[in-house]
Amino acid sequence: MHLIEKIYKNTREVVTREDAERLEGKSDIKSYIGIEPSGIPHIATAVMWPRKLAEIQDDIKVTVLLADWHAMINNKLHGDLDLIRKGGEILRKTFQAEGLTKADYVWASDLVDSSEYWRMFIDTAKRSTLKRVIRSLPIMGRNETDAEKDFSMYLYPIMQVTDIFYLDVDMAFGGMDQRHAHMLARDIAEKMKRKKVVSVHGFLLSSLKGNARMDNFVKMSKSDPNSAILVTDHMEDIERKINAAYCPPQQVEGNPVAEIMKYIIIPYYGKSIEIHGSNGVINLDSVENFDQAYQRGEIQPADLKHKVATILNEMVEPARRSLEGLDLSEFQ
């Protein structure tokens, strides 16, 4: 598989594809993903992303920014920086266990020790507006009302853009919820006459509980353990959560169990996937094949749930095993 195909694989959006294709053949491509350490991660963070990035780590330099300062601003783990750092070690261990062994793991607190970082921060801030920063607050799951009570939240989008510039990356990875920050970085880069970062946006996984309305997306969140599969969950936990999950028949959109099959298992399991169907065994060799079979009713929700729980337990096992013996009571 060519590099550009690996980048496009299992992505919701690439901004822009033309910019991405111009990077092909470049020998020293640098990329990053920023993750807030905030406790025990769920599968969208610590299974999907490390496996995605592991596929390109031989071709591209990958940096995982353990965004401890960002998590502190966002009041993750009550803003306790020591506890956030412990959460960052959990991220590093799980990412490496899931295959991302060649990445550089960098702390935001190391970046901010540099006066050059803060010079870039000020240069970046001078090329943005308060209105644009407010529009970017959803990247941290916040809004203007939250920021009015805590001014530090206004710094967050500018810090994220500064991270991109300071690390001098060609490519930024993240969920669709990071789009505002990446677009802000591209706009400010144009004003600075510097390279625009290629923004690669992955899918967000829906809450296992489903969404009340199709236009009201609720993502999987570790703050609600019953909405998410955590990397510490054992087989019985995974089975219980998947069996209780929203999974309407013949509907893949807004179906969290179908999303796990489409965005984690089929792209990254790496083995043949066979599932019981109404007309016999179905080989799920592509997302398109799964979509068609499920929407036609050839795969029943109960069979899908059984297959997803079984394979997901296997895929979570490396991350789960990497945390054995650690005291995780502070994150329960």
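Backbone N, Cα and C define each Cβ position, glycine as well.
Listed features, source Swiss-Prot:
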type: BINDING; residues: Y32, Y156, Q160, D163, Q178; note: L-tyrosine binding site
type: MOTIF; residues: 219-223; note: motif ''KMSKS' region'
type: BINDING; residues: K222; note: ATP binding site
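K222 (ATP binding site) and Q160 (L-tyrosine binding site) are 22 Å apart (CA-CA, integer value). A C-beta separation below 8 Å, combined with a sequence spacing of at least six in one chain, links Y156 (L-tyrosine binding site) to H70, I73, N74, L137, I139, M140, R142.
Secondary structure at Y32 (L-tyrosine binding site), as computed by DSSP, is strand.
According to its DSSP assignment, the residue listed as 'ATP binding site' is coil. Taking only the Cα positions, the spacing between Q178 (L-tyrosine binding site) and the residue listed as 'ATP binding site' is 18 angstrom. Each of the binding-site residues Q160, Q178 was scored by the number of other CB atoms within 10 A of its CB, and the lowest score belongs to Q178. Between the C-alpha atoms of Y32 (L-tyrosine binding site) and the residue listed as 'ATP binding site', the distance comes to 23 Å. Of all Cβ atoms in the shown protein chains, 19 besides its own fall within 10 Å of the Cβ of K222 (ATP binding site).
Counting only the Cα atoms, the space from K222 (ATP binding site) to D163 (L-tyrosine binding site) is about 25 angstrom. Y32 (L-tyrosine binding site) has a Cβ environment of 24 other Cβ atoms inside 10 Å. Taking Cβ-Cβ distances under 8 Å and a sequence separation of 6 or more, the neighbours of D163 (L-tyrosine binding site) in its chain are Y32, G34, L65, A67, A108, L111.
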